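Record features (TrEMBL):
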TRANSMEM  22-51  transmembrane segment
DOMAIN    41-290  domain 'G-protein coupled receptors family 1 profile'
TRANSMEM  58-76  transmembrane segment
TRANSMEM  101-120  transmembrane segment
TRANSMEM  140-158  transmembrane segment
TRANSMEM  197-225  transmembrane segment
TRANSMEM  237-261  transmembrane segment
TRANSMEM  273-292  transmembrane segment
């Protein structure tokens, strides 16, 4: 059976944000700027890492993957949201809604694993610097990146296919700015307990387990730096690890609140604000926090700008 045969709903209406035209226009302006920053920031990080051989290290290899995930993640639902704010994209076909759910889950779950992989990379670099090149060799890096994407794809596909094979018989109004899985499940005219149990189980594997690994990695890093008692070491942990932990805390904290705290998904207003963090705020902040404040990346950026000036003056 095709998805369309299984349901009497052929399209959904995305309610989006406010019905106030002035507020919608204001939000359109803010979100457009954030989306542009996301695209430009992540594209710049990706280009710099590819072009500068000094950035061909495991840390930047994983940052490259994070940039790809962030651009894909934001591009999956933000353009439709912007059209909705202009009053043009309120309806979405069942197939397009299914695609949004599927891609949203793939990129979100991939990012959960990637952030844990990146913290492991930092743990090896700071706690075992002499063994770093041996432990984080090319094959290990490729395997870890492939595992992140494979896990995201497999579990995202599993959840999306189970949700989309439910019968939907109206009303077809999704109280969200994109087809978010919990908002769509509310419209199914059958018991969705099994789907919610699966979401919870996947959250345990992709949120609690990676978060525990990240915290263990950072505790080891903190212990190592406390032993060195150097001012440079302290600066390193506060500049690098502090910013990483901020993003990690917000990313996992929001997801745990949305998908694991009973009753938290009942407030659609809160749900929309938290989803905005994933769709716009986190992807626009990641390049700044992880890369563009970094000394090596700054040097690569200056080199890139000098190269462009030389090219233009020729």
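Backbone N, Cα and C define each Cβ position, glycine as well.
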Worksheet item: At an 8 Å Cβ cut-off, counting only pairs 6 or more apart in sequence, do the transmembrane segment (197-225) and the transmembrane segment (273-292) clear the bar of 3 or more pairs?
Response: no
Item to complete: Find the average pLDDT over the domain 'G-protein coupled receptors family 1 profile' (41-290) in the predicted model and report it.
Response: 86
